[in-house]
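What follows is a short report on a single structure.
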Amino acid sequence: MTMKQPVRVAVTGAAGQIGYSLLFRIAAGDMLGQDQPVILQLLEITPALKALNGVVMELRDGAFPLLADVITSDDPMVAFKDADYALLVGAMPRKAGMERGDLLGANGGIFKPQGEALGAVASRNVKVLVVGNPANTNALIAQQNAPDLDPKCFTAMVRLDHNRALSQLAEKTGAAVSDIKNVTIWGNHSSTQYPDLSQATVNGKPALEQVDRTWYENDYIPTVAKRGAAIIEARGASSAASAASAAIDHMHDWALGTKDGEWVSMGIPSDGSYGIPEGLIYGFPVRVKDGKYEIVQGLDVSDFSRGKMDATAQELEEERDEVRKLGLVK
């Protein structure tokens, strides 16, 4: 196998829990393939640089054939320089008693300068994935502060919800995850998201013919939407390894394409498809070819789906209005 030229992969919050699960898999080739060397460009806040150096020691000790180099910095202008891929993981977590507006404001202080730095120094074709929550609106903030980059460079992660939707359906039906196709997560990475099985198949047969409608509406949808809270409750910490795995899946499919006849869910800028307000970063069903994603068009939308899709869009509009008031987006 001939090796390609190394690509530059920037990761923020690199010394955190998700970063720790993510970096070794990128270095092992899980994200971009076994023939693609990578240069990791890791960003952390100044107090975490010492811990980050420990992670770098471990990365070097992994002796990964695909790991061409590792760069660390507390300056986004250094970490994002010529980046081909950027995974924005570092964010301000919600603390007890914090209102959504406070959280959006605190994250604006992170994602506005990061958007500006990406716009200034990243590759013009950079693929940006925002993992740090609230991911959709953080992605919007970064995107709006990088006007020189194509808006489609910016995406938000709903793949964790998508993977949760697959695994819950597999558990219920006794099928393997690989036998399930075309689940969709519409909207926000929040409890208003809509895990949609109307187009999904299990072993080639419609999913909704194999499960009870009451279970779907009253158990399945809330279980998928609130899974993150259930993990915090059980583990005493938020989902990190599964989030890292979903980030790998999202970037892998964006870089290398989706399988024929299948789609995945990505948070992307709405072009008005399915009546979703243009410009919102919203979870859609997408197919990817040659590194470009396209929304799957022409899917039937029932009244039930319409209500769910509009409710999560409304939440995203409210978040956008809040960050607009704070002067973080246009």
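Note that Cβ sites are derived from N, Cα and C of the backbone, with glycine treated the same way.
In the shown protein chains, 28 other C-beta atoms lie within 10 A of the C-beta of H189 (active site, proton acceptor). Positions annotated as active site, proton acceptor by Swiss-Prot, on the basis of sequence analysis: H189.
DSSP classifies A15 (NAD(+) binding site) as coil under the three-state reduction. All protein chains considered, the CB of A15 (NAD(+) binding site) has 24 other CB atoms within 10 Å. Sequence annotations record features per position, and here Swiss-Prot assigns NAD(+) binding site to G13, A14, A15, G16, Q17, I18, G19, N107, Q114, V131, G132, N133 based on sequence analysis.
With a 10 A radius on its CB, R94 (substrate binding site) counts 16 other CB atoms from all the protein chains. Feature annotation from Swiss-Prot assigns substrate binding site to R94, R100, N133, R164; the stated evidence is sequence analysis.
In three-state terms derived from DSSP, G132 (NAD(+) binding site) belongs to neither a helical nor a strand segment and is classed as coil. Of all the binding-site residues listed (R100, R164), R164 sits in the most crowded Cβ setting, with the most other Cβ atoms within 10 Å. Summarising the environment of G132 (NAD(+) binding site), the number of other Cβ atoms within 10 Å of its Cβ, over all protein chains shown, is 25.
In this structure, of the binding-site residues Q17, Q114, N133, the smallest number of CB atoms within 10 A of the CB marks Q17. Neighbour list (G19 (NAD(+) binding site), Cβ cut-off 8 Å, at least 6 residues apart, same chain): V11, G13, L42, V55, V89, G90, A244.
Put simply, G132 (NAD(+) binding site) is 10 Å from H189 (active site, proton acceptor) when counted between their Cα atoms. Across the residues annotated as binding substrate (R94, R100, N133, R164), the two Cα atoms farthest apart lie 24 Å from each other.
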